[in-house]
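Here's the structure, in structure tokens; my notes come after.
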Amino acid sequence: MDEWAEVRWRGPNWLNPGDFARNDVAGNFSVTLVDVLDTFVVLNDPPGFEDAVRKVIRWVSFDSNTKPQVFETTIRVMGGLLSGHLFATKPEQPFHLPWYKGELLQLAYDLGVRLLPAFNTVTGLPYARINLRHGVPKGESTDTCTAGAGSLILEFGTLSRLTGDDRFEKAAYKAFFALWNRRSDIGLVGNTINIFTGSWTHPEVNNIGAGIDSFYEYALKWYIMSGEVEFLDVWQDSYASVMRYSRAPDGFWYRNVNIHSGDAQYGTIDSLSAFWSGLQVLGGDIENAVKSHLIYYNIWRGFSGLPEVWDMNYHQATSFQYPLRPEFVESTWYLYRYLYLLFDEANPLHADDSHWVFTTEGHILTLDPALLRPISPARRKLRRVENLQCPAYAPPMLAYDAPEDYTRDSGLVGGVMARGDFEYARNLIGRLHSENETRWWDPDGWCALPKHEPYTYDFVLSAHGEVVLEDPRPPADKIIEVADGYLVQNVTGIRVHIVSRLDGKGYDIAKLGPYAVKTGQRIYFNDTQLSLTPVDGQNASAQRRRIPEIELRLYLDYVDPLLQLQAPGMHDVITETVVPAATAMFAGDPAAPRADDGTHPLRFGHGAGVRLVYAPTNPLGCAPYTEALDGAAVLVARGECTFLEKLVFAQRAGASGVVVLGNEDQHINPSVDLAELEAAGPEINEVAIVVLRRPDAQLVAEMLDSAERHGLGDVRLVVETWDDGPQRRSEPTKTETGHGGKLEDTQRVLYLNNHPLLNTRLLV
């Protein structure tokens, strides 16, 4: 341990300059003394802090003929000096030193000046090592790692803001973007790079661990600390690429992948990568932070520490040393702070809403508001409207206040151990369960198998689903910039890059053709070709386009008047209502016109309507039905299987169609691949499937439940047709003193492959 080595008065290895393990850190400048300055702050030890500051001022000098690593010296020494200076000069707190005259800042400035020659390269990428007295020696290695060159902006930027000398921030800024601008076509940076050629060196892999880790960390933390929005852009783009390519298929751990193809290279993780879940908390992705943290938690439980390297494929450590690294502790602290301390109203952390951060070495840095730079008018105009908010974490619910309504979020909240995937993470590591853990088990319990959608997608849009060539430079009449986003007049050929939302409710378009779409901006689609979708998803230019939304009228076909007067609660029973429903791009079209003889090609919802039924033994409709449905429309919940599978099972049981209870507030128009449609057979065109929004689904479910509870007649479903012109949408009708309300207008969003794009709006 390098810290313990310093305590034992072991400085650099003067006899062996190639002993990088010691010499990279130990530069003959009392690194441990400087590194622990703000540790006294964390431990709430003002006398110890003052004593350490006095000793640093008296003994520390950087006029030393040593060649330490630029990165290690910056994060340990410069970070410690800057943090100590901030606490020593901040009044009205216990670590303020009235006698202090800025000596720590002067030392940091001297160190910064000695490090600057390392940045004198063609690319702006710094040498990995520099002699503090003589500069860069001849023959110095020209290779450096991404973390080493790209994790300097917190310390160098703070030094520039405090001293007014912008050379340091400019150097760190140039080095950071020299790396980012050399990312691969799929948005990944490599592990090591040649500082003169700017080429990634073999084997060109990306990961979240050693060699790259703090590059991501400093992108997000410098934005938090300074408000420089370009660093937020880097964080969001790099995070999306890591989540798409490096994240393992189960969503719990992160692989080493090729930066050009995204193919997995090897399945090991290192202890440094344990920082990732803490960074995910800072970035607002709590759900994925919990998952990644569970991996390191289970390794810790197995070893009472984190081995340097763990092989996920063989469930064993391959490097057993444990140098007391703080990454896992930091991530655990961030999760604890978010998941638990938020409910501790008296905790002092709640009173501190400033933009302080921990550096990668654990030093506490912040910038006074006077040192922040407001966004320029030109950049503000370019970025327009942004809404940077993180979603709230949804904890597992052990019991609901209203068991019949699982959509409500009130009830008995469980901790992380109550998650359905908690045991999966332990099994993934191969750790045996402890006796204490078995006490939480339930003979009737179950463990969730992980399932996640890809984090990002790319599509080339077309109005009718056909394959078209990409338009790399869409003209002004296709995409128009508006105050809060973009207006798309013609979708054909426009490439969109969509990214999963942190709240898990769908996706957002992050890139529209050549334009970056910022958080909070909206994309409006006004292409009239989108108003009518194809019958089967094929190029249907010669076919009738189907309507994406229809109206369903539901009514009770028999209500006993005497029962209305006598039965309690009957006055609140909905007897008739009209709800909007989204149609599918496949199977029968419920809005197709009548034939010449007046008949309709489908039974679903035509004529006097069909019965709407619910099968309690098959609530999701993802298994064969045990009873004949005899032409009824069957009500099923969304989930577990595809829309096509739900329809196939219903059709085989004799149903005329399927009504899906949606779990989203926007409409979704289901679609399928042509191969899947052909496999289902031509008889699939004799039945139809529609999807309800969540509010309408609750209304229909309540109506069906009331009819069964009060012993009323069947609920019948009719597809509203407009042979004589469009009709006004009806309001829910309740018997006698009912209190029906008008249905909300639909806010229609664009869907791609069943994924709702929530920052879009359809104007057609």
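Cβ atoms here come from the backbone N, Cα and C positions, even for glycine.
What you are looking at is a predicted structure, and each value in this text was computed from that prediction instead of being measured.
Per TrEMBL, these features apply:
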- Glu72: active site, proton donor (ACT_SITE)
- Asp213: active site (ACT_SITE)
- Glu308: active site, proton donor (ACT_SITE)
- Glu327: active site (ACT_SITE)
- 725-742: compositional bias 'Basic and acidic residues' (COMPBIAS)
- 611-673: domain 'PA' (DOMAIN)
- 723-742: region 'Disordered' (REGION)
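Positions of the features from TrEMBL, shown on the structure.
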residue: Glu72; record: active site, proton donor; Cβ neighbours (10 Å): 21
residue: Asp213; record: active site; Cβ neighbours (10 Å): 24
residue: Glu308; record: active site, proton donor; Cβ neighbours (10 Å): 16
residue: Glu327; record: active site; Cβ neighbours (10 Å): 24
Length of the line joining the Cα atoms of Glu308 (active site, proton donor) and Glu72 (active site, proton donor), in Å: 19
Separation of alpha carbons, Glu327 (active site) and Asp213 (active site) (Å): 11
DSSP-derived class (H/G/I helix, E/B strand, else coil) of Glu72 (active site, proton donor): helix
Number of helical, extended and coil residues in the domain 'PA' (611-673), per DSSP: 10 helix, 14 strand, 39 coil
Rounded Cα separation (Å) that holds between Glu327 (active site) and Glu72 (active site, proton donor): 16
